[in-house]
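What TrEMBL records for this protein:
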type	residues	note
COMPBIAS	25-36	compositional bias 'Low complexity'
COMPBIAS	37-48	compositional bias 'Basic residues'
COMPBIAS	84-98	compositional bias 'Low complexity'
COMPBIAS	184-204	compositional bias 'Basic and acidic residues'
COMPBIAS	215-228	compositional bias 'Low complexity'
DOMAIN	524-577	domain 'MIR'
REGION	1-140	region 'Disordered'
REGION	175-230	region 'Disordered'
TRANSMEM	248-265	transmembrane segment
TRANSMEM	347-374	transmembrane segment
TRANSMEM	386-404	transmembrane segment
TRANSMEM	424-448	transmembrane segment
TRANSMEM	468-493	transmembrane segment
TRANSMEM	792-812	transmembrane segment
TRANSMEM	832-851	transmembrane segment
TRANSMEM	857-878	transmembrane segment
TRANSMEM	890-906	transmembrane segment
Amino acid sequence: MSSGGGFVPVDLVASSGSPLHRHPSPSQSQPQSQSLHHQHQHQQHQHQHQQQGQMWSGHDQAMAAHNGAGSGATKPPGAGYDRSASGSAFSPPAGHSGNSAGLSYGHEMDMQFSQQRHQDSSAAFHHHHQQEQQVQHNQQLQAPAYAIQSSMAGFAAPTGSYGLHSRHSYANPLPYSDFNASPSDEHGHGSLHDSDENTERQSDRYSPYAKSSHSEPSLGRRSPSPSRTKADKALPWFLGTPWHRRRFVAFLFLVLGFATRFYMIQHPHQVVFDEVHFGGFASHYMRRTYFFDVHPPTGKLMIALAGYLAGYDGQFTFKDIGMDYTKAPTHVPYVAMRSVPATCGALLVPLVFLIMMEFGFSIHGSALAAAMVLLENGFVTQSRLILLDSMLLFFIACSVYSIAKFSNLRSREFTPEWFKWLGLTGVSLGLALSVKWVGLFVIALVGLHTIRDLWRLLADLRQSMTDLLLHFLVRALGLIAIPMVIYATSFYIHFAILNTSGPGNAFMSSDFVSGLKGVIETTNTAVTYGSQITMQHVNTNAYFHSHSHDYPGGSKQQQITTYAHKDHNNWWVIRRATTSSGNETFAALPNPSQSVNVASGDFVFLTHVGSEKGLYMHGYAAPVTAGMYEVSAADDDGHPWELVFYKANNEAVPDTLTIAKPRFQLIRSTGSIRCALFSHAVQLPEWGFRQNEAACTTDLHHPGTVWQVTELNAVKHAGFSTTPAKTDRSGILTRLKDIADIQVIAWEANKRLTGEHVFQSRPESWPILSRGISFWQSAGKRMQVYLLGNPLLYWAFIPMVGIYFMIFGVYIIRTRRGCHDMDAEGKRKFQLIGDFFLLGWLLHYIPFFAMERQLFLHHYLPAHMFGILAVAALFDHLLVRLQDRWRRRLLGLLLVTFLYGFWYFAPLSYASPIEVADVPKMKWLSTWDFML
């Protein structure tokens with residue numbers, strides 16, 4: 001439209017260099033001179049139209065003055081007539097009398113006809129212009145948009161760019177950042193915040209019909225595939241459209257993933273590194289004997305299932321690295337068990353490609369990400385062995401893919417597909433968590449995204465409180481309840497299978513152990529004097545323990561500790577002490593036919609079976625905890641301790657001490673000191689072998705002073721017999737308590753993994769790949785499995801982080817100067833690198849700095865996967881403006897570079913023979929300690 005409100009024909013707009021390209025219809029195929037003649041006539045009509053509009057404007061003013069003077073009433077502005085955007089009047093006021101400035105009624109009809117023709121032409125023009133814009137928009141969008149509002153200062157996501165929009169658009173009450181406060185994007189469509197779409201969004205906020213009538217366009221979904229071009233038709237059918245090309249590339253990566261992960265999977269045919277543990281756990285599942293591990297059970301259950309389906313009987317022990325599978329007396333289907341992590345590792349490659357496509361990146365950037373995962377030597381090594389990390393990576397990637405799909409369905413909320421992807425996100429999170437606790441970090445990542453999503457919903461005034469509550473409840477169900485159910489179910493299956501007494505008994509409470517098959521208890525469970533017992537600390541489940549090493553200070557007598565495992569040094573003899581004329585003396589050991597039971601209030605002596613030393617408390621300070629007293633073992637019988645039954649919540653207790661119940665305290669009184677035997681999860685230094693501290697505390701009500709008898713070698717007397725335990729622990733509430741208990745036990749055991757290992761490393765060394773881990777080496781054949789990533793991939797990440805923040809700073813400065821280098825889609829994907837990929841890397845990396853346990857390079861693999869996604873996304877951002885042929889060349893150059901790194905270090909992943917002369921060449925860093 002002209003500035004004066006006249007109509008410009010579509011043909012003129014299309015021929016004047018506008019982005020609108022209109023294809024003439026057959027009825028428009030007229031000579032050019034004839035078209036120009038009609039255009040000239042139309043311009044003359046516009047000039048007349050403007051003059052008539054000015055006459056009507058003058059007439060309106062005169063009539064308004066006349067009516068105001070005659071009646072004394074003021075007519076509301078605009079009442080009775082319309083005005084165009086230019087201010088011209090196109091129809092006379094309602095009830096106008098015909099003596100208006102000499103204009104005839106026929107001329108009035110002519111003006112109304114002109115107005116109607118003008119409005120129809122304008123509507124046709126705008127309709128056609130919107131169609132052309134939609135076509136251009138569909139051609140630009142090749143993948144769904146998925147965005148997370150930036151949490152970085154000064155870089156807020158533009159309104160309307162947050163992936164798929166809800167059926168109700170989001171209002172953003174926050175101030176606009178400098179980066180996004182642009183007057184127009186690179187296509188000249190106006191400010192991202194002040195666009196026509198946002199103007200409609202703001203006005204609809206106050207409309208009572210907005211919720212039912214307004215439907216925001218879905219910018220985040222893939223547009224329908226455009227018609228096949230001549231170049232497309234020249235390609236094979238499986239490459240003829242973008243949809244086919246994406247599927248073909250994903251299938252190609254699937255094939256390559258299986259090829260690299262299953263190549264020589266049977267070699268080496270010996271136990272490698274942590275196959276000692278996870279293969280051994282599979283054997284326990286086959287025999288149904290209870291074991292304990294710090295990791296949740298899902299990954300181990302998957303490996304055991306593969307062994308079970310392959311006919312494994314569980315007789316191979318996996319106890320030492322280097323044990324030969326092929327020489328075992330029974331069949332060991334180690335290839336089938338290795339196939340589980342190998343399959344997960346193979347599926348991870350195409351899944352990464354689909355993740356990048358779902359986030360809206362180009363097929364080149366997505367292919368680069370998948371190729372980097374394909375050619376990462378560390379991923380290959382972990383995938384070919386009976387280990388858990390490839391399963392963990394796969395379920396983390398499933399979680400990321402599912403939340404991307406769910407977010408891209410924001411315009412179809414509460415539909416079956418929307419619920420499906422929300423549920424699959426919860427299932428994936430639960431599976432990741434139930435393989436390793438590292439899954440908590442991806443839960444945190446998805447949780448932060450969900451909080452931002454709900455925060456944006458809260459700003460939408462069209463959302464009622466009922467809607468907001470429903471959104472919150474549905475997400476809580478899908479992203480909290482479902483993972484918890486998956487996690488708890490894995491333990492329920494774990495306990496249901498492992499129903500027989502085994503090496504894990506020592507970690508569990510006596511109540512739990514009593515429910516296992518094969519546990520023998522006495523029919524007469526009373527503890528009698530002279531019997532040998534083991535005492536378990538109720539809070540930590542560690543055993544009261546002593547060994548032949550002395551304290552370096554204090555009494556300098558034999559150490560007393562609590563120890564998490566069953567051991568011969570856990571056994572003590574309990575004897576009765578009596579007082580005679582104020583002197584404490586031993587009572588004679590009764591005849592077995594005249595047994596005496598231990599009762600509450602008795603004074604007892606405890607003598608260590610292994611060293612025959614008694615339990616003392618001399619009043620020295622405890623070795624670690626201030627305010628407590630040291631307990632020690634020394635020659636003779638020790639000090640007498642008062643045994644007092646512990647009553648919890650006024651529960652009824654028996655009259656005599658029995659196995660497991662009642663629980664009790666041991667109290668020592670001497671002079672002004674009265675203290676109770678105590679322990680906690682605080683570890684002694686190296687001289688105490690990192691075992692838990694045992695001491696004596698004056699806080700007699702502390703829960704750490706409670707003990708129980710767990711094992712009994714009773715003095716046999718008349719009527720003494722044994723029978724299998726029959727405690728039923730199959731109830732839901734009982735199992736839930738067992739699941740809660742084992743979390744605490746695993747947490748404490750995990751913290752105790754503080755010993756030294758020759759190949760352990762700290763987190764600061766992981767991004768630079770300063771050292772790896774020797775998994776296995778042959779004797780004299782110069783073959784080794786050494787966990788080492790592709791150094792070219794590792795070393796690409798750190799420069800990428802620097803480049804990203806440098807570009808970020810440049811964009812901020814240029815935006816401040818009024819230069820706008822990206823449209824909304826470009827900004828969304830650039831923000832995604834920091835808001836999701838780098839945040840995922842941080843969440844999976846930084847927490848390890850706070851851990852004091854043994855750490856290894858394989859703990860970095862989840863963070864490394866997010867680093868790979870960030871590198872590929874930045875590549876896509878930088879090269880998106882290049883022509884396809886240059887983009888393909890650079891992509892090919894990067895792939896050749898990464899392929900070289902993979903090929904060069906592949907012998908360390910596949911245990912291939914290495915020439916002596918090649919070993920020094922392969923040590924790019926002196927800290928790589930190959931053992932060849």
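Here the Cβ of each residue, glycine as well, is placed from N, Cα and C on the backbone.
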So, taking each listed stretch (347-374, 424-448, 468-493, 857-878) in turn and counting its Cβ pairs to the transmembrane segment (792-812) that are under 8 angstroms, which one gives the highest count?
857-878
Where DSSP helix means H, G or I and strand means E or B, what are the helix, strand and coil counts for the domain 'MIR' (524-577)?
3 helix, 29 strand, 22 coil
For the transmembrane segment (386-404), I need the partner stretch with the highest count of C-beta pairs below 8 angstroms, choosing only from 347-374, 424-448, 832-851, 857-878, 890-906.
424-448
Remote residues contacting the transmembrane segment (347-374) - C-beta distance under 8 A, at least 6 residues beyond either end:
142-146, 220, 242, 245-246, 249-251, 253-254, 256-257, 260, 390, 393-394, 397-398, 400-401, 404-405, 408, 793, 825, 828-829, 832, 836, 865, 868-869, 871-873, 875-876, 879-880, 887-888, 891, 894-895, 898
Under 8 Å between C-beta atoms and at least six residues away from its ends: which parts of the chain pack against the transmembrane segment (890-906)?
364, 367-368, 371-372, 375-377, 380, 788, 790-793, 875, 879, 882, 912, 922
